[in-house]
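S.K.: I am attaching a structure below and will ask some questions about it afterwards.
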Amino acid sequence: MEETYAPRCSMPAELHHPYSKFSDWKFKLFRVRSMERAPLPGEMQLERGALSGVVASAPLGETVGDVVGLPGSVMKLWLGGKSKENVEGPGKRVDLKLQEMDTYMNHLRCLCRLCGGALRKAKGPEHEVQGLLDEASMSALRRVGCKATSWPEVILKVFKVDVAGDMEVVHPPFFCQRCWTLAMRGGGFCSFSRTHVPGWRPHTTLCLLCTPRNPHYRGERKRRKPTRGAQHLAKRTKWDLQDNAAIVGEKRAWRTVIDPPQGPGLRPWVRSSVQRAQWVKSITLCQKEHLSARLLSEDLPVDFLSSVTCQVCDHLLSEPVQSPCRHLFCRSCIAKYIYSLGPHCPACTLPCGPADLTAPAKGFLGVLHSLPLLCPRESCGEQVRLDSFRAHCLGHHLEEVDGDHKSAENSLDNFLPVNKGGRPRQHLLSLTRRAQKHRLRDLKTQVKVFAEKEEGGDTKSVCLTLFLLALRAGNEHRQADELEAMMQGRGFGLHPAVCLAIRVNTFLSCSQYHKMYRTVKATSGRQIFQPLHTLRTAEKELLPGYHPFEWQPALKSVSTSCHVGIIDGLSGWIASVDDSPADTVTRRFRYDVALVSALKDLEEDIMEGLRERGLEDSACTSGFSVMIKESCDGMGDVSEKHGGGPPVPEKPVRFSFTIMSVSIQAEGEDEAITIFREPKPNSEMSCKPLSLMFVDESDHETLTGVLGPVVAERNAMKHSRLILSVGGLSRSFRFHFRGTGYDEKMVREMEGLEASGSTYICTLCDSTRAEASQNMTLHSVTRSHDENLERYELWRTNPHSESAEELRDRVKGVSAKPFMETQPTLDALHCDIGNATEFYKIFQDEIGEVYHKANPSREQRRSWRAALDKQLRKKMKLKPVMRMNGNYARKLMTREAVEAVCELVCSEERQEALRELMGLYIQMKPVWRSTCPAKECPDELCRYSFNSQRFAELLSTVFKYRYDGKITNYLHKTLAHVPEIVERDGSIGAWASEGNESGNKLFRRFRKMNARQSKTFELEDVLKHHWLYTSKYLQKFMEAHKDSAKALQATIDTVGSQETQEDADMSLDVPDF
């Protein structure tokens, strides 16, 4: 028998191992019906009248088999691809056993092969049991010495289960993420936890998967509900409505062909001939390969016919084999049947395996081969023996082919479009892509051969040149010029990275960009902007999780996987038994993966810095040090009236970082050489988001749990070196973290100190409020993270058995365990806001002459405040605000503002005191606000101690009514600690939290832009968009295409509504304003 070019003819003569060619089998398993309906070359020959194998073409009234159309695969049927063609057989009689197997297979696909649990309950992707190891898993296992390349090898070593012989009808094809985790933790050799692997058995009538047992179930009182995992039959299509009458008549006819049940619990079954027709359609697929018994020229007895026909397909026997129960089958049909439905005889259901099949007696074979068949060709009508029937039909086919060639040479019809009738021939451009490929198949082959021979295989250039010549010949010169420009690399379209930069910097959501892309393409006729899928491809290289890297030594308690994107903020938190689930929604990047992406974003700047310093590129592969500024701040309530999700408080907390500098310790140099320094350390463009969480910053327990994994990753990175490819060479980096971008409230939260109203006023020294008011300038920085930890242990254990007040005085205000190390410094932005708040209150008191009055009433204070607001609005154009913000503070702390206030102060002496106080403050302010005070304001730095001493004298004398025994937190830090911090760190302003506060404003805008119903997806969108917004790579494209961005913003309304004043101003909460 010749080999037929069709996927279903690949079944071997004997039953082979079920997974001998797993990839080929899997391809056949997931065939789409449109693929199966496609006319293959072998089938096209059959349509023209030729037989491949032992099949001959039939006249109009006859068919060679029960050919109704190309049927589907039985495995497709079992895997849920059910349709009217493959569920219902001839006469639409349903094969109940195949439906039952379909349900059973659906249950198996929902379970884990190794633990038996439901796949939907295990968070994470599912993995193929017979698949190959992915790159991440293989690299992780290679590091621990496992050289396995496929999952069956790993499963055999870890779970002691051989899955190489699994069958699709018995074993689940997937295993869950939990079992994957166990395999990875065991290094591919062993399992550290006991996993009971269930023993999978074939499907039976009383299968526990299809009909699970329930001990509380009473069958006689309540009807059992269908199982949850079972799939329902497909809905009836509109084609089924035409045969309603036939279906009703068929149901009535079934009663005549079904044998009555033999017992009270037995179900009736369909007649054997109908069952065989269904097997042909769904299992054997031999309609065009085996001969029908209707080709017999004589009217033979029924018993004789049953002896020469196959008990599976009802066709004449082809390569007959005999079972132990003396039933006869075609060799290929019984092999497919046993593989699909199990090793038993189709006729009597007795056990029958592939090894039990034998060849029938020679006498029977002689009778079978001598059967007379009638040739189905109309012009022939001869009676041909069965053994010579194939040669006879092949001769007819060769004659027809020769005749076609002669007629084609003698006529001009060969040059006309081929149309065999039916629908009129459509134009090439109106066809589907698949039909276009089919029509141009020969031309494509010729062009490919020419390109390989003449142009080195560049088929694209050949096709574009042909198109260009066709346009020139048709005088389409404008379109030809555009095509030629595109071929030369100077096309009209923008680069995908440019389009991504425009989308991010103009705050366009994906849907808004897609509408703009379609509008521009439709109106201009050119594809200036790139489609969304190209932008998503460009995004992948810029987001964390794209670049490979390595830590030496490996980070403790951190996964070695490099390709990790946005994860749950609580992942990595080791929960104890007593912990309750966190009432929060949080999303973050893994800290080390985010740092790698940020460094790759600075790759060009780092290489340029090496060249500017005259350092040899290949020699600088180690000794890199990276300084990181960390910032964290709560944003207050940003809740809206719409949106779904868990009822968590909508008080976001943002944790971000900024790469401040990159330096290298070159060989032979005493000091490190700085090759990159962030030019705008307080810009929102350089402050990269790491974590977003909906949590109240006052909730110490939840905040500790959310930031705990970040702290663990941060501490692990301090003791390891990062190996990363920069500039084509692997280089090692060490990271130094400085937590400086925190306000007073957040510092006290992280360091375990009492709240801002505590007696212990300062987070830098141990002074009380009374001590700080008596001695305003002579203090030094004494607190540290390690000291706070030691004091917490004293507070927790009380080793000296002291009273509460004595113990509190000993630990200096430490009341909780510090969980994140912060740098003992002063935040410049919040210092400005806190001092401006204090000056605002001084102005009120001076207007009301509080130095004369003991206890003014609340109404009097309100009137003074109203007068001050009115004067500032009139003279300074300053609108009153509910809470002090950065913009208001900058305008209030000026000489113009104090002059406006002096107009409301009656005493000349008090006016001069106010002017002197503001003048001293204006001279002191640049020292803590400038990025590098030694270079930018050296004179103010030298006079700072004198000015602060004079400032303190004014407060303790002229304004003694307000500062007698008390002083604010930020005024104390301003007067006492600024010179020491500047001498130690070189700057205060560069390490401020202003970039993170500006990012809070961006958060509100991104949230409006990406308003999805789920808070989880909303945080992911905001985090991803904000990261892209801070990309140096995209900022360079934005600088080069400013005009494109301005034109886009002028033509498209990106937000749809004006920004509120709350978003326009940087709103920062300060208590008691």
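Including glycine, each Cβ sits where the backbone N, Cα and C put it.
Taken from Swiss-Prot, the feature DNA-binding region covers 421-488. If you look up Swiss-Prot, you'll see Cys310, Cys313, Cys330, Cys333 marked as Zn(2+) 2 binding site, on the strength of similarity to another entry. Annotation comment: Swiss-Prot describes Cys375, Cys380, His392, His396 as Zn(2+) 4 binding site, evidence class sequence analysis. Residues or ranges marked as divalent metal cation binding site in Swiss-Prot (evidence: similarity to another entry): Asp633, Asp743, Glu997. Swiss-Prot lists 310-349, 371-400 with the feature zinc finger, giving sequence analysis as the kind of evidence.
I would like each feature placed in context: is it buried or exposed, what are its neighbours, and how far apart are things?
M.R.: Taking Cβ-Cβ distances under 8 Å and a sequence gap of 6 or more within the same chain, the neighbours of Cys333 (Zn(2+) 2 binding site) are Thr284, Cys286, His290, Cys310, Val312, Cys313.
His392 (Zn(2+) 4 binding site) falls within a helical segment according to DSSP. In the structure as shown, the Cβ atom of His392 (Zn(2+) 4 binding site) sits within 10 Å of 17 other Cβ atoms.
Around the Cβ of Glu997 (divalent metal cation binding site), 27 further Cβ atoms fall within 10 Å across all displayed protein chains.
Within the model, the zinc finger (310-349) carries an average pLDDT of 90.
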S.K.: What's the CA-CA gap between His392 (Zn(2+) 4 binding site) and Asp743 (divalent metal cation binding site) in angstrom, rounded?
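M.R.: Between the Cα atoms of His392 (Zn(2+) 4 binding site) and Asp743 (divalent metal cation binding site), the distance comes to 95 Å.
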S.K.: Among all protein chains shown, how many Cβ atoms are found within 10 Å of the Cβ of Cys310 (Zn(2+) 2 binding site), not counting that one?
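M.R.: For Cys310 (Zn(2+) 2 binding site), the 10 Å Cβ neighbour count is 29.
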S.K.: I'd like the number of other C-beta atoms within 10 A of the C-beta of Asp743 (divalent metal cation binding site), please.
M.R.: 27
S.K.: When you rank Cys330, Cys375, Cys380, His396 by Cα distance to Asp633 (divalent metal cation binding site), which of the binding-site residues ends up on top as the closest?
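M.R.: Looking at Cα distances from Asp633 (divalent metal cation binding site), the smallest one goes to Cys330.
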S.K.: Going by C-alpha positions, which of the binding-site residues (Cys330, Cys375, Cys380) is nearest Asp743 (divalent metal cation binding site)?
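M.R.: So, spelling it out, the nearest of the binding-site residues is Cys330.
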S.K.: If we count other C-beta atoms within 10 Å, could you say which of the binding-site residues Cys313, Cys330, Cys375, Cys380 has the fewest?
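M.R.: Counting other Cβ atoms within 10 Å of each of the binding-site residues Cys313, Cys330, Cys375, Cys380 gives the minimum at Cys380.
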S.K.: Sort the residues of the DNA-binding region (421-488) into helix, strand and coil with DSSP and give the three counts.
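M.R.: Split into helix, strand and coil, the DNA-binding region (421-488) gives 50 helix, 0 strand, 18 coil.
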S.K.: Relative to the mean position of the Cβ atoms of Cys310, Cys313, Cys330, Cys333, the recorded Zn(2+) 2 site, which additional same-chain residues have Cβ within 8 Å?
M.R.: Thr284, Cys286, His290, Gln311, Val312, Asp314, His315, Leu317, Ser318, Phe329, Ser332, Ile334
S.K.: Go ahead and report the DSSP secondary structure tallies for the zinc finger (371-400): helix first, then strand, then coil.
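M.R.: Computed counts for the zinc finger (371-400) are 15 helix, 6 strand, 9 coil.
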S.K.: Considering the binding-site residues His396, Asp633, which residue's Cβ sits among the greatest number of other Cβ atoms within 10 Å?
M.R.: Asp633
